[in-house]
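Asks: What TrEMBL records for this protein is below:
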type: BINDING; residues: A:ASP42, A:ASP87, A:ASP238; note: Mg(2+) 3 binding site
type: BINDING; residues: A:ASP42, A:SER56, A:ASP87; note: Mg(2+) 4 binding site
type: BINDING; residues: A:THR57, A:ASP58, A:ASP135; note: Mg(2+) 1 binding site
type: BINDING; residues: A:ASP58, A:ASP87; note: Mg(2+) 2 binding site
type: BINDING; residues: A:HIS65, A:GLU291, A:TRP344; note: substrate binding site
type: BINDING; residues: A:TYR117, A:GLY134, A:ASP135, A:ARG161, A:SER240; note: ATP binding site
type: BINDING; residues: A:ASP241; note: Mg(2+) 5 binding site
type: DOMAIN; residues: A:40-152; note: domain 'PurM-like N-terminal'
type: DOMAIN; residues: A:165-324; note: domain 'PurM-like C-terminal'
Number of protein chains: 2
Amino acid sequence: MLEDKSQKLTSVEQLGEFGLIKHITQNFGIKNSTTELGIGDDATIINPENKKVVISTDILAEGVHFNLGYVPLKHLGYKAVTVNLSDIAAMNATPTQILVSIAASNRFPVEAFEEIYDGIALACDKYKVDLVGGDTTSSQSGLLISITAIGIENSENLVKRSTAKPNDLLVVTGDLGGAYAGLQILEREHTVFLADPNMQPEMEGYDYILERQLKPEARTDIKAILEELAIKPTSMIDVSDGLASEILHLSDQSKCGFRLYEEKIPMDSLTISTAEELNLNPVMCALNGGEDYELLFTIAPEDFEKIKNHPDFTIIGHATDLDQGNMMVARGSGELITLRAQGWDAFLNR
Amino acid sequence: MLEDKSQKLTSVEQLGEFGLIKHITQNFGIKNSTTELGIGDDATIINPENKKVVISTDILAEGVHFNLGYVPLKHLGYKAVTVNLSDIAAMNATPTQILVSIAASNRFPVEAFEEIYDGIALACDKYKVDLVGGDTTSSQSGLLISITAIGIENSENLVKRSTAKPNDLLVVTGDLGGAYAGLQILEREHTVFLADPNMQPEMEGYDYILERQLKPEARTDIKAILEELAIKPTSMIDVSDGLASEILHLSDQSKCGFRLYEEKIPMDSLTISTAEELNLNPVMCALNGGEDYELLFTIAPEDFEKIKNHPDFTIIGHATDLDQGNMMVARGSGELITLRAQGWDAFLNR
């Protein structure tokens, strides 16, 4: 679990709750002018500077969202932040603050909290967000991280899920399925390790997809790129539960259907080769794998020329009337396949 | 655990995560004009209407903060909200929105979530706050509720912990120690029940302190009362970990000392008689018991006349220079006793 296995460990009891909070948060500075009061009072004070405030929260639970058998605590802290910032990016807003609550059983020493917060600090630095509050408590068993992310943005920039229109183009950033393929490699090697702890894990050559799984980034860069292109998405969502599930969310909220072209789904060659190595359908990794934290959005048809050859974006389909349903057009055959949300569900995939 | 033990139970798998969220949140309406977008998107959108936004978060963990052996789920949901609203009240702000995240093991059926959310809905109605987001997931074991509370307030009304000055008067609302005395009764009767499930619990006559423990209220009413009296506190905190611990927080943040008069600490007669029945020192229940969720604040000395005989407030001491320390003046003897934070600590009291 800990990176340096030889260090002397400190029990949380030795510091107490308030001592622990002080200890682990002392090096977090304030980077945003909107942070009027940070950690240490009953609540943080945010000055929205006449803008809107967007707020989102997500829990990561041990044994459900991560396995400490192969997820380093520092990566976990980093990822817990980025998956929350991804929700703010999906509103086309700029993340500015986070609150971090952690519940951990007494098997976690102070040094474990330090590693988690090292990862949180790294993400805060990279994304220029301030840690402004939270709570730390013990739990009966396991580790739980609950993060609330805050973004501040001009009203006219915000993009909801509910405002796509028929004929809008469906666009996705980056590539999909990699995080799921990476998870499969981690699970495989962990199983091998559990069977024989002397076996060396075979991780070489999988770097890109392992990074997609262990250290995903939030696409907070997309907002500026779209502004440069003079495009405002007509609707947007982040890809956390798989492309199929997210398309259905857009459909449900916008009251339109979608047509997705299988051959257009962007996938990295390593994702494809790994999926094939593991006897998985690569497209299913993209549709149902989840955890890619790319942005999925719609744009008005007249914006096609502005985006068509941009390396950050792929046009993968378009919106239709609701009664046309949500369909994937199969590669080659052109067969219409109904999209279903078989994505990752915290209550099913246990 | 469930109020109606005879009902047919539904597993969360039957609904799935998104189905569960839709099911339990469908009856929550929007009451505040500042709630521009509620549940159902990547994030909620808050319109602060040119005011400041205060945000706080707290976790309640099974086996640490509550025991489902004697805490009804509906009360738990209610309390999870009010303890968070108490933090907003402690900033002298008006709570407006909450986000609720719940992690629960698969021993919790849909009906358990319904009862928790019934309690949450009751608190939302009473305090006129909107449920605007959250997350629901499974956990390896136990139940965890993480709530983020949001308040919107004019900048000039906000009160921090860090702005008390020597000679300010120390004031507390309501009475103290009751929640802790109530907890002791619940623990005693639960122990009796575990030893012999046929024994009837002896709860009669303890109503007030049981309610203090099981269904605490947030003192969001205090803001208006103080405004009517034309008093703005010079510093404020809520009493969640015991009076001693909170005084030390004010001291630490405001860089002043405090003198607390034992004989002034407001306690209900039932709290005193129950503590004595249990061989506890009633004053220790107030100092270290916690969970009273009253407000502790300082006011300028010249506001004394405005508040001195008000039934909602008790002047219990005053601020001093920092080098005088934090002392309780003992009843009768006048002996000075150093205040220590022996309050409730989630990492110690397990």
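Cβ atoms are placed via backbone N, Cα and C, with glycine included.
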Asks: Distance check, please: Cα of A:ASP241 (Mg(2+) 5 binding site) against Cα of A:TYR117 (ATP binding site), rounded to an integer number of angstrom.
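Replies: Roughly 26 Å, rounded to the nearest whole number.
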Asks: Provide the list of binding-site residues among A:TYR117, A:GLY134, A:SER240, A:ASP241, A:GLU291 whose C-beta sits under 8 Å from chain B at the C-beta level, in sequence order; use 'none' for an empty result.
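Replies: So the ones by chain B are A:GLY134.
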Asks: Which of the listed binding-site residues (A:ASP42, A:ASP58) has the least company, meaning the fewest other Cβ atoms within 10 Å of its Cβ?
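Replies: The binding-site residues A:ASP42, A:ASP58 were compared, and A:ASP58 has the fewest Cβ atoms within 10 Å.
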Asks: Averaging the per-residue pLDDT over the domain 'PurM-like C-terminal' (A:165-324), what integer do you get?
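Replies: Averaged over the domain 'PurM-like C-terminal' (A:165-324), per-residue pLDDT gives 95.
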Asks: Looking at the binding-site residues A:ASP42, A:ASP58, A:TYR117, A:GLY134, A:ASP135, A:ARG161, which ones sit with their CA no more than 10 Å from the CA of A:GLU291 (substrate binding site)?
Replies: none
Asks: Check the Cα-Cα distances from A:ASP135 (Mg(2+) 1 binding site) to the binding-site residues A:SER56, A:ARG161, A:SER240 and tell me which is shortest.
Replies: A:SER56
Asks: How big is the Cα-to-Cα gap, in Å, between A:SER240 (ATP binding site) and A:ASP42 (Mg(2+) 3 binding site)?
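Replies: A:SER240 (ATP binding site) and A:ASP42 (Mg(2+) 3 binding site) have their Cα atoms 32 Å apart.
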Asks: How does the domain 'PurM-like N-terminal' (A:40-152) divide up by DSSP, counting helix, then strand, then coil residues?
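Replies: In the domain 'PurM-like N-terminal' (A:40-152), the DSSP-based counts are 35 helix, 45 strand, 33 coil.
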Asks: Please report the Cα separation of A:ASP238 (Mg(2+) 3 binding site) and A:SER56 (Mg(2+) 4 binding site) in Å, rounded to an integer.
Replies: 12
Asks: Across all chains shown, how many C-beta atoms besides its own are within 10 angstroms of the C-beta of A:ASP238 (Mg(2+) 3 binding site)?
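Replies: Cβ-Cβ neighbours of A:ASP238 (Mg(2+) 3 binding site) within 10 Å number 25.
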Asks: Using Cα coordinates, what distance in whole Å links A:ARG161 (ATP binding site) and A:ASP58 (Mg(2+) 1 binding site)?
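Replies: Counting only the Cα atoms, the answer is 18 Å.
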Asks: Using Cα coordinates, what distance in whole Å links A:ASP42 (Mg(2+) 3 binding site) and A:SER56 (Mg(2+) 4 binding site)?
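Replies: One finds 20 Å between the Cα atoms of these residues.
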Asks: I'm trying to understand the geometry here, so how far is the Cα atom of A:GLY134 (ATP binding site) from the Cα atom of A:ASP87 (Mg(2+) 3 binding site), in Å to the nearest whole number?
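Replies: Between the alpha carbons of A:GLY134 (ATP binding site) and A:ASP87 (Mg(2+) 3 binding site) there are 19 Å.
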